[in-house]
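Here the structure comes first, spelled out in structure tokens, and everything after it is commentary.
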Amino acid sequence: MSADARIEAITARIVERSKPFREPYLDRVRAAVSKGVHRSVLGCGNLAHGFAVCSPAEKTALAGDRVPNLGIITSYNDMLSAHQPFETYPALIRQAAHEAGGVAQVAGGVPAMCDGVTQGQPGMELSLFSRDLIAMAAGVGLSHNMFDAIVYLGVCDKIVPGLTIAALTFGHLPAVFIPAGPMTSGLPNDEKARVRQLFAEGKVGRDELLDAESKSYHGPGTCTFYGTANSNQMLMEIMGFHMPGASFVNPGTPLRDALTKEASKRALAITAQGNEFTPAGEMIDERSIVNGVVGLHATGGSTNHTMHLIAMARAAGIVLTWQDISELSDIVPLLARVYPNGLADVNHFHAAGGMGFLIKELLKAGYLHDDVRTVYGQGLHAYTIEPRLGGDGNVHREPAPHVSHDPKVLASIEHPFQHTGGLKMLSGNLGKAVIKTSAVKPERHVIEAPAKVFHDQAELNAAFKAGELEGDFIAVVRFQGPKANGMPELHKLTTVLGILQDRGQTVALLTDGRMSGASGKVPAAIHVTPEAIDGGPIARIRDGDLIRLDAVGGTIDVLVEAAAFAARTPATADLSANEFGMGRELFASFRAIAGPADQGASVLFA
Ligand SMILES: O=C(O)[C@H](O)[C@@H](O)[C@H](O)[C@H](O)COP(=O)(O)O
Ligand code: SF4
């Protein structure tokens, strides 16, 4: 079934806009592919170094270019609960490769930051930049030029976007993403948030808070809210980088291991040495990117992907804009209610029918391009399945359920939770911004209130503790953009603003910084561009200015006479404390050259 005409039109517009970048990109990919097995251009010395620790049989096979060599890029560390399971994956992948008559080697590792550990801490100011650093680090591993296909082991926020940028930069190679799966359900996310608010109000102590947090984040796997990490899994599946059904199977289960082995064998099957060659740079095209945006809207995905997906697409010469994302938001309905967009978690989503049911419903209505290439073959309809462990220990796939197993978590296309998507773009005399509407009650989609201006989140928290945050207001937290301090997530503000909102105050947030994909119920216009340090209008706002945030009309304005507002001298901020400490001194060049949020806030692309 072809896609909805409006979706087709937006896709065609992206194709046209991208031509100056996409055509040279594809020329480079095809030129690289034409060189054949890249290992064959290495000299004997290079090759000897490259397979020094392989077995004699593997050396003979690799030297003769007779068998494919699978590169592994891993982001394993013990800091991220979602990445800790990757410790054992290389051995499993090597075993699968051997069974498939190939070889597998870890090409390199990449850093991975846990935004939960750094949330509200100085380290968070490295978080966004770590995405591009991950792409660069993966490039270092791949530059050994020993490989015929790559498997990427990554899950969380900046890691999958960084790895995708690398995979598309090395677009002449097939790329299969292998996830680790979600943590099993613990203390529900809304109960965790409730205890946080009680702690912030001094009603419970640190012991009770740590107990609640530890019952929520309690073991291996991705945190169970629908934040950036789980949005990543959705994207990798709907864009065709995952094997069908791979996203939300828990770690440490036989099915998880079977999916990992299957993905490894599939990667070896789609190299140039086989009959289904699927280089990543050809597999991913404008339709794949549009499918990713559609998935974001349909699931209420992370606001961070209004930057990451733009940078990911750009790595393949595809120019995606906030306008494209906004127009798709007006077309695509919201079909999932997973925290913060509801009370369920990703395990409930998966049990209700998961990605297979979601893709089936969206394809049925023409909201997705079915005619796309994936690591599994041609056509997205192959992903309308549920994975099962067969008696033979392999993955078997059954058709996705005809109806959702839990319509309160996963809705049918006929009865969506919202007729528009979860992400909305705003524009007005304050520039451009993003808001996640799927997590905000409709009565809070339009807010008009006076500004209270802060230059960092600590100032706002101090004002809360001093009882100064009375009445209705829009908190303007500025000098939080990529060039100012690396554009940290300000997710800790959700607790304080949530308390005030629960008390009946009308509050909202306006910032050139970011929020977590897990941020929710308080209306927040984020990623304001141009940022304050670039002299953006946000720098001219003064305490008491009336601001109007309209997520229905898609506008963000300060209600001050235009000439008077323009005549104001922009505020400045002392950011010297953000230049040193916790490694921030290492990222001065990134702050200096980072692009604007609406172009992905990247240091990699002009
Ligand atoms: O974008 C995201 O999804 C967030 O960065 C998320 O990965 C982060 O870890 C949150 O901070 C977790 O939520 P809490 O901070 O509420 O635990
Ligand atoms: S989802 Fe966020 S908090 Fe959880 S492991 Fe990943 S980065 Fe850390």
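Easy rule for this one: first residue shown is 1, then count along the chain.
The backbone N, Cα and C atoms fix where each Cβ goes, and this holds for glycine too.
Taken residue by residue with DSSP, C223 ([4Fe-4S] cluster binding site) is part of neither helix nor strand, so it is coil. Taken from TrEMBL, the feature [4Fe-4S] cluster binding site applies to C156, C223.
As annotated by TrEMBL, domain 'Dihydroxy-acid/6-phosphogluconate dehydratase N-terminal' applies to 68-381.
Annotation source TrEMBL lists domain 'Dihydroxy-acid/6-phosphogluconate dehydratase C-terminal' at 408-601.
Taking a C-beta cut-off of under 8 Å and a sequence gap of six or more, C156 ([4Fe-4S] cluster binding site) has these contacts in its own chain: S75, L80, A82, H83, A112, M113, C114, D115, T222, T228, A229, N232. Over all protein chains present, the Cβ of C223 ([4Fe-4S] cluster binding site) has 25 other Cβ atoms lying within 10 Å.
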